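One structure is given here, and the rest of the page talks about it.
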Amino acid sequence: MHPVFHFETLNRLQKRAMPILNFGSAKPEEEFSEYWNGVAQDLLMQQLNTKSQLNTNMAKNVIMFLGDGMSIPTITAGRVYLGGEEKQFSFEKFPYVGLSKTYCANSQVADSACTATAYLGGVKGNYGTLGVTAAIELDNCQAQNVTEHHVTSIAGWAQAQGMATGLITTTSVTHASPAGVYAHAANRFWENDAEILNGHQDPLTCTDIASQLIHGEVGAKLNVILGGGQEHFLPLSQQGKRLDGRNLIDEWLKIHGPKAKYVQTKDELQNLAKNTEHVLGLFASNHMPYHLDADPKEIPSLEEMVSQALDILEEQSQGRGYFLFVEGGRIDHAHHDTLALKALDETAEFDKAIHLARQKTSEADTLIVVTSDHSHTMSVAGYSSRKNDIVGINNGQLGLDDLPYATLSYANGPGFDTNNLKANLGARRKNLKEINMKNKDYMFPATVPLESETHGGDDVGVFASGPFAHLFTGVYEQNLIPHAMAYASCLGSRRTACGDGLHKGRL
């Protein structure tokens, strides 16, 4: 499908300059009003059917899916990656949708640590801090131990009610988002004792995040821990990073006994006994590989990890329900490197796990909430034709330099250097027709050169299905999320559906 270009130079005081395009319709039937009226009426019927009666059952189980860095443009571009603008991710079919405001207590644009404290603990904290209030400043090792300023996550609230709990991530299990489930740290990067020493602090004073996972009040009770990050649990002598000589994996096995299993491969995970009480699965030294880079025979997908986790949690909950946190963490990492293709592919993999979870559970008693911690600076721009390759060249117009531009680009990041030719008088853009944009490691264009692309400050979507999912509509502070989940599932000491007399409480 090739457009006919009619470029006009217009008086900018009167009209904006824009290309006059002549694209054919994506489908012949789309040329007729009957088609669009039919689509709208079908959607209207769906809205009436899904919202005519509120689900106010108590949420026996709660599953939170966190697409790290999954901005609204990431979702939009991801639909086209799936096959077209009209496509939907499974979570977009959830009946209730809202927008979450992501700023930190002290920062317009958030990082993944302060946001984790908000969407898991219900309190906004400072940039770079984790599981602590805004009274704790970044790097304040002594203050990290002031329990008055600790923020306990909804996983801790669930454990207090006797529920089974777990976390899954495609990053290291000590990374900011999953660590929000169990840790309290004045610096999110204190993942092992060596990192604390590198920050000129004392690891005997402020406990590292990996140690908190193994021995902490919440971490030690988790039934399921799946992701990457072996190096944070092992000493240097065993290809780890720890300087204290401790093997935290061995310590975890001793704590939990013979019905606890440590797994390192896909086969080991899938062959776990059904009566496994605790599982620690670390499938990479640091973060798990991107889906496009992973060996599917050795590395479990996010969908496969979720499937196994749900079986274990259902068994271990003994009818009392469970809380599971699931992160598609490498969407964010791909964006930081302006690897738009990988970011979209990680989003598609993330959605597969959500689809499986919704199929394996009942909307009658299982609340599923899907959201992001923050956005990124990637945009979807230009006037391309329908179904134009989303990771290719915009086919609607050329730049003023007579060169094509990409539909997807970033406000900043390392893609600046890979897409510009440096000259004495500055830089000029490379011709994208001479670049293999299909390469999974191609860095998409960026306007401002930075070593790592930044987060964005715009709101992110929240998608909910199951009991009290209607609480997640509207525009609200990010720290509402765990309070609404707790209300639906009668957890914690604050207002709940049980406290309001809607349910008798957990058995």
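Note that the numbers count up from 1, one per residue, in the order the chain is shown.
In case you wondered, yes, glycine gets a Cβ from its N, Cα and C as well.
Taken from TrEMBL, the feature Zn(2+) binding site applies to D68, D332, H336, D373, H374, H455. Annotation for D68 (Zn(2+) binding site): spatial neighbours S112, T171, S177, E327, G328, G329, R330, I331, D332, S372, D373, criterion Cβ-Cβ under 8 Å with sequence separation of six or more.
Annotated Mg(2+) binding site per TrEMBL: D68, H175, S177, E327, in sequence order.
Among the features that TrEMBL reports, active site, phosphoserine intermediate is placed at S112. Around S112 (active site, phosphoserine intermediate), a 10 Å sphere centred on its CB holds 26 further CB atoms from the protein chains shown.
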Non-site residues, in chain order, whose CB comes within 8 A of the mean position of the CB atoms of D68, D332, H336, D373, H374, H455 at Zn(2+): G69, D111, S112, I331, H335, S372, S375, H376
Neighbouring C-beta atoms (10 Å sphere around the C-beta of D373 (Zn(2+) binding site)): 30
Neighbouring C-beta atoms (10 Å sphere around the C-beta of D332 (Zn(2+) binding site)): 30
Spatial neighbours, same chain, of H455 (Zn(2+) binding site) - Cβ under 8 Å, 6+ residues apart: G69, V109, A110, D111, H374, S375, H376, T377
Sparsest-packed of the listed binding-site residues (H175, H336, H374) - C-beta count within 10 angstroms: H336
